[in-house]
Amino acid sequence: MRIGHGFDVHKFGENGSGPLIIGGVRIPYEKGLLAHSDGDVALHAATDALLGAAALGDIGKLFPDTDPAFKGADSRGLLREAYRCILAKGYKLGNLDITIIAQAPKMAPHIPQMRVNLAEDLQCHMDDINVKATTTEQLGFTGRGEGIACEAVVLLVNVEQG
């Protein structure tokens, strides 16, 4: 077994700055997150957790933001590619727990679809995926509505043992 932790944060752009995509779900909101890819903090944190657990570096190593090929990239595709690397190393997902930290918008209505997307991309049961959201009670940059942060913890199991 191996445990990995991931973290990601992006700041909001101006009003009308583009879609807000979290957990592979387009969430209605007046601002999008600024990023080289689609800015999906949940999938970026999950990808980092997976790569870290397998000692494969991080999302920036595998998908550098200096590479124009990843400009505007769909983070679900990045997650699937990272998971292929995990499988190739002889591991599979045990479980994934994600915490989205945002004052707004409310994530609760979108969490079921996020779980569906993650289970599909990681070839697992929805029971292996947990997504939750919290605020910082209006403290810090997330509390002021300047951006969204996310943490993820993953357990990988050896394919031969799992």
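Here the Cβ of each residue, glycine as well, is placed from N, Cα and C on the backbone.
Over in Swiss-Prot, the protein carries these features:
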type	residues	note
BINDING	ASP8, HIS10, HIS44	divalent metal cation binding site
BINDING	8-10, 36-37, 58-60, 63-67, 102-108, 134-137, PHE141, ARG144	4-CDP-2-C-methyl-D-erythritol 2-phosphate binding site
SITE	HIS36	site 'Transition state stabilizer'
SITE	THR135	site 'Transition state stabilizer'
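Just so you know, of the recorded positions SER37, THR134, THR135, the Cβ with the fewest other Cβ atoms around it within 10 Å is the one at THR134.
Note on proximity: of the recorded positions ASP8, HIS10, HIS36, HIS44, the one nearest PRO105 (4-CDP-2-C-methyl-D-erythritol 2-phosphate binding site) is HIS10, by Cα distance. Sequence-ordered, the extra residues of this chain that approach the divalent metal cation site, with Cβ no more than 8 Å from the Cβ center of ASP8, HIS10, HIS44, are VAL9, LEU33, ALA35, GLY39, ASP40, VAL41, ALA42, ALA45, ILE148, ALA149, CYS150. It is PHE141, among the binding-site residues PHE63, PHE141, whose Cβ has the fewest other Cβ atoms within 10 Å in the structure shown. Residue pair ASP67 (4-CDP-2-C-methyl-D-erythritol 2-phosphate binding site) / HIS10 (divalent metal cation binding site) shows a Cα separation of 19 Å. Here the binding-site residues are ASP8, ASP67, and the one whose Cβ sees the fewest other Cβ atoms within 10 Å is ASP67.
Every protein chain shown contributes to the tally, and the Cβ of HIS10 (divalent metal cation binding site) ends up with 21 other Cβ atoms within 10 Å. Straight-line distance linking the Cα atoms of PHE141 (4-CDP-2-C-methyl-D-erythritol 2-phosphate binding site) and ASP8 (divalent metal cation binding site), rounded to a whole number, equals 14 Å. Here the recorded positions are HIS36, HIS44, PRO105, and the one ringed by the most other CB atoms within 10 angstroms is HIS44. The two recorded residues, HIS10 (divalent metal cation binding site) and SER37 (4-CDP-2-C-methyl-D-erythritol 2-phosphate binding site), show a Cα separation of 11 Å.
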